[in-house]
């Protein structure tokens with residue numbers, strides 16, 4: 001039976017995924033400055049519509065004429081993000097209130113509340129700093145972090161997994177590496193998006209008809225770009241954007257190699273279902289990435305590519321969590337991880353306090 005809060009955590013995970021996709025849609029439709037202020041839109045709770053509201057917007061934001069479609073894209077994203085913050089606050093409140101119960105995590109919900117508050121700040125800075133790429137990328141990573149932590153919380157509350165026998169340390173290491181390379185690739189993808197480099201190369205497997213095109217890596221990964229210019233559409237030249245795009249492709253090759261190795265290791269250790277899930281998520285994401293290039297970044301495919309990145313990340317969270325649910329023996333009213341030796345018998349038991357995180 002699942003612990004209290006499980007259903008709310010699952011709902012929060014799905015809501016967080018929706019917020020991530022709405023954010024992707026906002027970026028891809030160039031609606032990041034659809035409302036040039038924060039948290040309102042031209043000083044209102046929704047997009048200006050009446051003549052008086054439009055006159056107010058024109059007077060106070062002369063450099064940002066009202067574009068209704070872009071404004072609503074931005075505000076819908078904010079509405080859902082605000083709803084998510086309230087749900088996470090409720091999760092944190094319930095977790096703190098119930099933390100004395102056996103095995104009830106409470107630090108993770110509190111951490112999530114801190115993350116979502118930081119996300120609100122990044123959302124504000126995304127607008128006030130005019131889509132500064134560093135903040136846009138951090139905001140994207142914060143969204144993926146929120147989804148991942150909520151999914152991890154759902155797993156911990158689910159009690160859905162039977163314990164596994166002890167698995168090789170090498171499997172745990174490759175699973176941890178896979179998680180890290182996927183996070184790195186998502187960060188690169190965020191940098192591609194923030195600098196509008198997705199169509200810097202429009203052919204495959206070459207770029208501009210060359211295996212190694214002219215690329216300016218120093219400017220492409222110059223992390224101290226000036227605050228002040230409007231970064232809508234990007235400020236980098238073609239060679240710098242090419243460097244970012246090529247780096248994302250190289251990252252995809254690394255992800256492919258590591259996840260294929262992980263899938264093989266999972267299969268060898270009797271976890272064929274997880275191995276197939278890894279391959280499915282990997283194949284889907286690679287297919288969407290290739291389609292982005294071949295079809296010149298169609299909106300639906302580009303949003304789906306963000307969803308595929310989230311699915312791949314959640315798959316890595318699931319794999320790492322699953323292989324760490326080890327076999328155990330109940331003793332008294334608790335569990336211990338350390339072995340207890342008595343006579344000829346050795347019990348592997350655990351202390352359940354770590355699960356309260």
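From the backbone N, Cα and C atoms, a Cβ is placed for every residue, glycine too.
What you see is a predicted model, and the numbers here were worked out from it, not measured in a lab.
Residue ranges 18-35, 36-53, 54-71, 108-125 are listed, and TrEMBL annotates 108-125 among them as transmembrane segment. Looking at 131-153, 200-222, the stretch flagged in TrEMBL as transmembrane segment turns out to be 131-153. Range 242-262 is the one annotated as transmembrane segment, of 242-262, 326-346 (source: TrEMBL). Packing against the transmembrane segment (301-321) from elsewhere in the chain are residues 17, 20-21, 24-25, 28, 144, 147-148, 151-152, 155-156, 172, 175-176, 178-179, 182-183, 185-186, 189, 198, 255, 262, 266, 274, 277-278, 281-282, 284-285, 288-289, 291-292, 295: each is 6 or more residues past its ends and has a CB under 8 Å from a CB in it. Against the transmembrane segment (108-125), stretch 131-153 has more CB pairs under 8 A than any other of 131-153, 242-262, 274-295.
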